[in-house]
């Protein structure tokens, strides 16, 4: 193959080499920590231009038709892709996120063009090529077909849309970014104009490849922006009017910590003009506003900064595109007025601290315009916050107030605002430790010069102990009233029965005396049992803070079984299996639980021989004691209510106070008690088999925690 020394080849090769250097730089930057959005697209864009320029320079130097045809095909791998990479990059650069489907749509036309060029020898729809001599140089002459004009149409469409988007972004950009965008636009206009001149045949014959020379200008523009303005590494800034109108200062820093943009509020807070701040390192330009922060941290950081201009809440937030950090934004919020009020409140708190120290009382202030809520340290403690940790919002307050109380609190605040009356509320606060506190708060509404409500100042006190004590007294009162009512009623019934049968003894023959005396003895025993149960129930009701302790289950349960056997010799109590030697969480009244359940199973049993089966199952953390009987059972409607106050089972003459005591004690132990049907019936002796088959009976199950 022979070559010719074409004068355009050297500058084109120079432009190609320059762009390949930029490609390497972009790929290196992508691997470094300072990755920015669109760097792969930018590398693809620059590589496409570099490929086109380099292959075009070689094609100019080639002299044979075969070589020029092959090189011309390679050129389209770059030429056809340039505009797609360009539009995709511009869209990402100004803030759009493209999906895989959108990328596929953008690159579909370049793929069609490349396929058309590769297969052109088969159909000739893209161009017809031949050699031509101009002066001493051999050039490639082209007769364009329809696929070429399709390529021209979509290329210019993509190019013009890209230029338009960059131009629109440039109208809102500032400082270095405006220069960066104009350099990009200029670099894109050169090949656009050059390509148009080449297609229309403008200039001498043969028409020079103006687009190729335009790409040299693109290479220069891209090189300038990459090395002078750090193209692709800074935050894209299509400024919005809304940002300029923010009351908060907003400052954008690139990955090197250089100030690249700021709004009017930030300039006002800093007291300097934009030209004096843009392009300067943030440490020099912003001083105390950035000194507390780590600019390389990936998490948001906040602090309060006090300067001669005022007091500011400052937040540094990383700016990320996809997974790539591209800079930081600094938000400055002027809180000078709030700081002043906090200082006033602190002074007031100091004066009140001695008076409030012994009463768990805090001071608060609610700004009705901004809904800012200020708590002193005592108030923060009431709500479970560390000093200085309360966010200062109504939402944070609402999150801690019990859901059932918040509506009333809100209504009381609105009433105070509308009427000017004192704000009063008592409510529960959910504490982070899992419990709750009762808070009593009082406040006064303050108005501005126009008489409009402006803020509420108040105090709040922890009244948990007072409320709990009142509730405990109320519960004890209710319990004693119940005890008085039930005991008087049931003892009176039993004693009336004793009186009636005693009278009958005096009126009957001796052969009936034994029967009546048996009834009298049973009623008398019931009355004695009732007084015992009443005493135990009174002990339970009068205890305010009982603490479970370890109790050995076996001796307590065996002792009660023996006692009931002696009291009711006509019954048969069978222990199924063995009673484990285990410690349960209970107290000295545990025997009352088993005594009442065992006697209940006999007293409510109409069988000739009342039968009771006792079994104990040990689980992982609990033990279940099952007391089954062969009585009439408990219907489903009564299973949930049988342990209630004053409930009596199945028309019997017994009292429900025993079962209520059982429920109260088991609840205090942190256990559970319930009723089941005894199914299938079990019998451990022939004596009980018939009765067991005739009646299913009930099973009372007591579940207690194993003491650890």
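Placed from the backbone N, Cα and C atoms, the Cβ positions cover glycine too.
Per TrEMBL, transmembrane segment is recorded for 12-28 (among others).
Annotated transmembrane segment per TrEMBL: 40-62 (among others), in sequence order.
Taken from TrEMBL, the feature transmembrane segment applies to 74-96 (among others).
Counting same-chain residues at least six beyond the ends of the transmembrane segment (103-127), those with a Cβ under 8 angstroms from any Cβ of the stretch are 72-73, 76-77, 80-81, 83-84, 87-88, 142-148, 150-151, 154. According to TrEMBL, the feature transmembrane segment maps to 103-127 (among others).
Beyond its flanks by at least six residues, the transmembrane segment (147-169) meets 80, 82-84, 86-87, 90-91, 93-94, 109, 112-113, 116-117, 120, 125-127, 181, 184-185, 188-189, 191-192, 195-196, 199, 236-238 of its own chain at Cβ-Cβ distances under 8 Å. Marked as transmembrane segment by TrEMBL: 147-169 (among others).
Sequence annotations record features per position, and here TrEMBL assigns transmembrane segment to 181-204 (among others).
The domain 'PAS' annotation in TrEMBL covers 240-296 (among others).
Residues annotated as domain 'PAS' in TrEMBL: 348-420 (among others). DSSP labels the residues of the domain 'PAS' (348-420) in these numbers: 39 helix, 13 strand, 21 coil.
According to TrEMBL, the domain 'PAC' annotation covers 423-475.
The domain 'Histidine kinase' annotation in TrEMBL covers 486-708.
When pLDDT is averaged over the domain 'PAC' (423-475), the result is 88. Note: the domain 'PAS' (240-296) comprises 23 helix, 11 strand, 23 coil (DSSP; helix = H, G, I, strand = E, B). Here the transmembrane segment (74-96) has long-range neighbours at 37-38, 41-42, 44-45, 47-53, 55-56, 59, 103, 106-107, 109-110, 113-114, 117, 151, 154-155, 158-159, 161-162, 165-166, 169, 188, 232, 236, 238, 321, meaning same-chain residues at least 6 beyond its ends whose C-beta is under 8 angstroms from one of its own.
Helix, strand and coil content of the domain 'PAC' (423-475), in residues and according to DSSP, is 12 helix, 30 strand, 11 coil.
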